[in-house]
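Here's the structure we're looking at; comments come further down.
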Amino acid sequence: MTRKLVLLRHGQSQWNLDNRFTGWVDVELTDQGRQEAVAAGKLMKDEGLQFDVAHTSVLKRAIHTLQGALKELDQDWLPVSKSWRLNERHYGGLQGLDKAETAAKHGEEQVKIWRRSYDIPPPAMDVNDPGHPCHDRRYATLDRNALPGTESLATTLVRVLPYWHDAIAPQLKAGQTVLVTAHGNSLRALYKYLNDVSNEQILELNIPTGIPLLFELDDNLQVRSFRYLGDPEAAKRAAEAVANQGKAK
């Protein structure tokens with residue numbers, strides 16, 4: 001039996017548009033981002049996908065993308081689970097900074113390492129910074145020590161995997177079709193795990209906003225195939241645009 005899993009990065013956010021490091025900052029979708037959510041729903045509808053359950057983060061850009069896609073799918077009623085474990089990677093002291101200006105200051109190669117390397121985190125955010133997640137009530141029930149002040153992709157994967165094993169994988173093994181709407185780096189972490197991508201290869205992976213990535217898995221949740229829905233060239237161009245965000249102007 002083939003299991004189906006769709007990974008969907010949220011639509012364009014205001015800070016995507018502004019080319020700023022976002023991380024755990026809870027920013028809104030742009031008008032384009034809302035349109036991308038609807039377009040993603042249409043692509044999934046055209047594919048004939050009927051989901052049994054959906055998962056998202058606790059950040060509104062992912063939540064609103066999921067809502068827009070489900071409305072287009074006419075599956076608004078779908079059970080939705082929200083978890084902080086699906087949040088974007090925490091960008092530490094870089095959060096809020098302009099990516100191009102940061103590249104001009106520190107060099108494009110350093111910014112690429114901070115953005116795309118596997119195990120090198122950006123400079124940490126001080127725990128006394130008002131933006132640290134320990135001061136946000138949506139995380140009030142969590143162990144303060146579990147809340148990051150910065151993350152690499154490696155530590156993001158450590159955060160995401162328990163949710164995969166405890167929540168998503170059992171549903172797929174039960175034959176359910178699952179939609180996960182999250183963020184560029186939490187989805188890169190899942191992609192790395194599912195496809196057994198090397199630490200070096202993951203550096204070059206960029207996930208575009210608002211384009212559903214369909215995985216077909218076997219009974220043991222091994223990947224049989226995966227592809228972006230819609231025009232492959234459009235997905236390629238969108239991924240290249242993501243890669244260019246960390247370059248100096």
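Placement of Cβ uses the backbone N, Cα and C atoms for every residue, glycine included.
What Swiss-Prot records for this protein:
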- His10: active site, tele-phosphohistidine intermediate (ACT_SITE)
- Glu88: active site, proton donor/acceptor (ACT_SITE)
- 9-16, 22-23, Arg61, 88-91, Lys99, 115-116, 184-185: substrate binding site (BINDING)
- His183: site 'Transition state stabilizer' (SITE)
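Annotated features, which come from Swiss-Prot, shown on the structure.
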residue	record	DSSP (3 states)
Arg9	substrate binding site	strand
Trp15	substrate binding site	helix
Gly23	substrate binding site	coil
Glu88	active site, proton donor/acceptor	coil
Lys99	substrate binding site	helix
His183	site 'Transition state stabilizer'	coil
Spatial neighbours of Glu88 (active site, proton donor/acceptor), counting only the recorded positions Gln12, Trp15, Gly23, Lys99, His183 and Cα distances within 10 Å: Gly23, His183
Cα-to-Cα gap, Arg9 (substrate binding site) vs His183 (site 'Transition state stabilizer'), nearest whole Å: 5
From His10, Trp15, Gly23: recorded positions whose CA lies within 10 A of His183 (site 'Transition state stabilizer'): His10, Gly23
Cβ neighbours within the same chain of Trp15 (substrate binding site) - under 8 Å, at least six residues apart: Phe21, Thr22, Val25, Val27, Gly96
Gly23 (substrate binding site) to His10 (active site, tele-phosphohistidine intermediate) - Cα separation in whole Å: 13
Fewest-neighbour residue among binding-site residues, criterion Cβ within 10 Å, set Gly23, Gly184: Gly184
Those residues of the chain, 6+ apart, with a Cβ under 8 Å from that of Gln12 (substrate binding site): Leu29, Thr30, Gln32, Gly33, Glu36, Thr209, Gly210
Most Cβ neighbours inside 10 Å, all chains, among the recorded positions Lys99, His183: His183
CB contacts for the residue listed as 'active site, tele-phosphohistidine intermediate' [other CB atoms within 10 A, all chains]: 31
Number of other Cβ atoms within 10 Å of the Cβ of Arg9 (substrate binding site) across all protein chains: 31
Packing count at Arg89 (substrate binding site) (other Cβ atoms within 10 Å of its Cβ): 28
Other CB atoms, at most 10 A from the CB of the residue listed as 'active site, proton donor/acceptor': 26
